[in-house]
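**Q** The structure follows.
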Amino acid sequence: MNVQPTKYHGLVLDLMPNIRLMQGFGHFLFRYVNGPVLIRKLYSWWNLIMILLQYFAIMGNLVMNTGDVNELTANTITTLFFTHSVTKFIYVAVNSEHFYRTLGIWNQPNSHSLFAESDARYHSIALAKMRKLLVMVMVTTVLSVVAWITITFFGDSVKNVFDKETNETYTVEIPRLPIKAWYPWDAMSGVPYFFSFIYQAYFLLFSMCQANLADVMFCSWLLFTCEQLQHLKGIMRPLMELSATLDTYRPNSAALFRVASAGSKSELILNEEKDPDTKDFDLNGIYNSKADWGAQFRAPSTLQTFGDNGINGNPNGLTKKQELMVRSAIKYWVERHKHVVRLVSAIGETYGAALLLHMLTSTIKLTLLAYQATKIDALNVYGLTVIGYLVYALAQVFLFCIFGNRLIEESSSVMEAAYSCHWYDGSEEAKTFVQIVCQQCQKAMTISGAKFFTVSLDLFASVLGAVVTYFMVLVQLK
């Protein structure tokens with residue numbers, strides 16, 4: 001079956017580099033492809049089988065080397081490290097429809113002519129940040145893989161074996177491979193060794209990229225959401241100035257209906273008295289409830305007007321189209337905020353369970369790494385390996401928490417922005433609008449890990465606290 005080329009919009013277009021990389025590394029995302037889907041599916045299944053076979057080989061090595069505590073701890077850390085990759089690879093495959101739904105939420109090109117410049121500016125800021133995040137994470141991932149493979153050639157390639165008969169621990173030479181794993185063939189030298197080495201290099205690159213690309217998509221969603229909230233806060237003050245023209249005399253009120261960006265003085269709405277047939281202002285592009293929110297919203301979305309001819313109904317002599325623009329601006333703000341709330345809800349539903357699995361695995365892994373770090377006595381291969389594991393694991397957790405925390409801060413500050421604007425100069429509609437906004441935004445938007453925790457910097461501190469607690473228990477049990 002072939003997929004015809006389509007023109008993408010919204011988040012799908014913004015995140016297309018991320019989506020293409022995820023598809024390139026084998027993720028089960030087949031909706032945004034051109035050409036035969038069957039080849040894509042075979043490629044994804046082949047990657048899944050190869051990743052699982054290597055993961056089972058790592059687990060086999062863990063099961064077969066349980067005699068020595070240090071060896072058991074090191075193998076457990078390695079197994080937990082790659083558990084992230086396997087779980088996220090499978091998670092994206094199982095929940096691909098949720099990813100499609102979240103990506104498709106922002107495909108409606110809703111905008112408002114008065115705030116189009118602000119919308120475009122914050123969208124470009126979000127796009128730049130998302131691309132920068134993708135580049136930084138991918139460069140870090142590739143450098144980590146290179147460092148992992150490079151450090152393999154330093155130090156002794158041995159493992160500790162505990163002899164139950166003599167109650168002593170001795171070392172045994174093992175293949176010089178990036179990852180300790182059990183294979184049904186002898187990988188000490190020759191063709192089996194080179195095959196095993198290439199296989200593990202592939203596994204390192206693909207497994208780490210698969211996990212990190214899924215995480216980058218989650219963080220990009222949060223970045224986009226935060227910039228949308230910045231946009232809503234930024235247009236709050238001009239929105240109040242506009243609304244004041246409905247029932248309060250404002251000198252030079254016509255200046256409010258001119259394009260302020262790039263020094264332009266062109267009118268957004270032409271004088272309908274001179275040219276009554278002009279149709280320069282189209283409300284169709286501004287949040288139509290039926291089109292944007294589905295058939296369950298049956299309330300009419302038309303804007304209310306007052307006065308006989310739209311001129312004598314307000315003290316500033318606004319035309320009918322100007323009145324519609326003011327009221328549509330308030331509608332735009334409310335519907336855009338609802339849109340953001342809907343996006344945040346979809347993000348939590350899509351990635352919440354993956355966050356829960358990640359945090360559970362990371363807590364155990366970080367505890368064992370902290371225990372291993374106490375045995376570092378020099379800056380050798382062992383010390384660099386443990387430090388690398390520790391920094392990488394902490395960076396993954398911190399990445400989630402910093403963006404989740406920013407979402408909380410940005411959504412909380414919406415109420416402050418609404419209260420700080422000149423709402424007392426606005427119309428009665430605007431005052432009611434500000435009151436509703438303050439009530440609605442009292443509770444910050446959050447992303448939870450399957451309802452068990454909230455992703456924030458407090459979670460990062462809690463994880464560190466739990467690691468220290470478990471570490472002290474392990475030290476006492478030593």
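If you go along the chain as it appears here, the first residue is 1 and each next one adds 1.
Quick reminder: no glycine exception, Cβ is built from N, Cα and C everywhere.
What Swiss-Prot records for this protein is below:
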type: TOPO_DOM; residues: 1-43; note: topological domain 'Cytoplasmic'
type: TRANSMEM; residues: 44-64; note: transmembrane segment
type: TOPO_DOM; residues: 65-73; note: topological domain 'Extracellular'
type: TRANSMEM; residues: 74-94; note: transmembrane segment
type: TOPO_DOM; residues: 95-133; note: topological domain 'Cytoplasmic'
type: TRANSMEM; residues: 134-154; note: transmembrane segment
type: TOPO_DOM; residues: 155-187; note: topological domain 'Extracellular'
type: CARBOHYD; residues: ASN167; note: N-linked glycosylation site
type: TRANSMEM; residues: 188-208; note: transmembrane segment
type: TOPO_DOM; residues: 209-343; note: topological domain 'Cytoplasmic'
type: TRANSMEM; residues: 344-364; note: transmembrane segment
type: TOPO_DOM; residues: 365-382; note: topological domain 'Extracellular'
type: TRANSMEM; residues: 383-403; note: transmembrane segment
type: TOPO_DOM; residues: 404-454; note: topological domain 'Cytoplasmic'
type: TRANSMEM; residues: 455-475; note: transmembrane segment
**Q** Looking at the stretches 44-64, 74-94, 344-364, 383-403, 455-475, which one shares the most CB pairs under 8 Å with the transmembrane segment (134-154)?
**A** 383-403
**Q** Below 8 angstroms Cβ to Cβ, which residues of this chain, lying six or more residues outside the topological domain 'Extracellular' (155-187), approach it?
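**A** Residues 54, 57-58, 60-61, 64-65, 67-68, 70-71, 74-75, 78, 148-149, 193, 195-197, 200-201, 203-204, 380-382.
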**Q** Under 8 angstroms, Cβ to Cβ: which one of 74-94, 188-208, 383-403, 455-475 has the largest number of such pairs with the transmembrane segment (344-364)?
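**A** Against the transmembrane segment (344-364), the leading stretch is 74-94.
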**Q** How many helix, strand and coil residues does the topological domain 'Extracellular' (365-382) contain under DSSP?
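**A** Helix, strand, coil within the topological domain 'Extracellular' (365-382): 11 helix, 0 strand, 7 coil.
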**Q** Would you kindly check 44-64, 74-94, 383-403, 455-475 and say which stretch has the most C-beta pairs under 8 angstroms to the transmembrane segment (188-208)?
**A** 44-64
**Q** Tell me whether the residue listed as 'N-linked glycosylation site' sits in a helix, a strand or coil according to DSSP.
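**A** Its secondary structure by DSSP: coil.
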**Q** Across all the protein chains here, work out how many other Cβ atoms are within 10 Å of the Cβ of ASN167 (N-linked glycosylation site).
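**A** Summing over all protein chains shown, ASN167 (N-linked glycosylation site) has 7 other Cβ atoms within 10 Å.
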**Q** Of the residues in the topological domain 'Extracellular' (65-73), how many are helix, strand and coil by DSSP?
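**A** Its residues divide into 5 helix, 0 strand, 4 coil.
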